[in-house]
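Swiss-Prot lists LEU8, SER9, GLY10, GLY11, MET12, ASP13, SER14, ALA15, ALA16, VAL17, ILE18 with the feature ATP binding site, giving sequence analysis as the kind of evidence. For CYS186, CYS196, CYS199, CYS202, the entry in Swiss-Prot reads Zn(2+) binding site, with the evidence type sequence analysis.
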Amino acid sequence: MKKAVVLLSGGMDSAAVIALAQEQGFAVYALSVRYGQRHTSELDAAARVAAAQGVVAHKVVDVDLRSIGGSALTDDIDVPDAGGDGIPVTYVPARNTIMLSLALGWAEVVGANDLFCGVNAVDYSGYPDCRPEFVRAFEVLANLATKAGVEGAGLRVHAPLQFLSKADIVREGVRLGVDFGLTVSCYRADADGRACGHCDACRLRAAGFADAGVPDPTHYAILS
């Protein structure tokens, strides 16, 4: 069976991506990164998703981006209730580049020629590393920088959610049997994975379920 490394954050998008990769016949190797994120319960969610969706292996890599800083997700910076103009403070500098590079390294080790990530350019928070141009550029890099690329096997970077709305992602996940109740999206999630209901991630997630006409399985700490 062909193999793929899938970035798994523990959120709803990456859970849907695993299911989509499996539907395409890939044996999934899920990679999560403990990068110093304040909402560490997403890693607990990643473990739940990996177990529930039957991945071949789930690896958690430690890369402490707090030493670099520059984000409300790693530093002592308040997470805003809503996104504003420009790139938000929840952007983690070069995060997707770093994570995809780690996934690329593991792909070489396990013999996978395909990487999957859950980046989205429709209902998203304005991060530069979620754009189609970034995904295409990273695929070029992957083929220039690896043994598989140089030897002609070719590496592909898949972003199957790139042009889907959050509602579309919910519908696809439901179609594929994804249990979104296992996932955590909130930037302020507590240790038990309960969501704040107010941050940008929570608002996008709630709107996705509402627009899809699907009951929201999110566990909230605060309702208002």
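From the backbone N, Cα and C atoms, a Cβ is placed for every residue, glycine too.
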Distance from ALA16 (ATP binding site) back to CYS199 (Zn(2+) binding site), taken between C-alpha atoms, in Å: 21
Cα distance (Å, whole number) from MET12 (ATP binding site) to CYS202 (Zn(2+) binding site): 11
Rounded to the nearest Å - Cα separation of ALA16 (ATP binding site) and CYS196 (Zn(2+) binding site): 22
Residue among binding-site residues LEU8, MET12, SER14, ILE18 with Cα closest to the Cα of CYS196 (Zn(2+) binding site): MET12
Local Cβ density at LEU8 (ATP binding site) - other Cβ atoms counted within 10 Å: 33
For the ATP site built from LEU8, SER9, GLY10, GLY11, MET12, ASP13, SER14, ALA15, ALA16, VAL17, ILE18, further residues of that chain with CB within 8 A of the site's CB center: ALA46, VAL49, GLY118, THR183
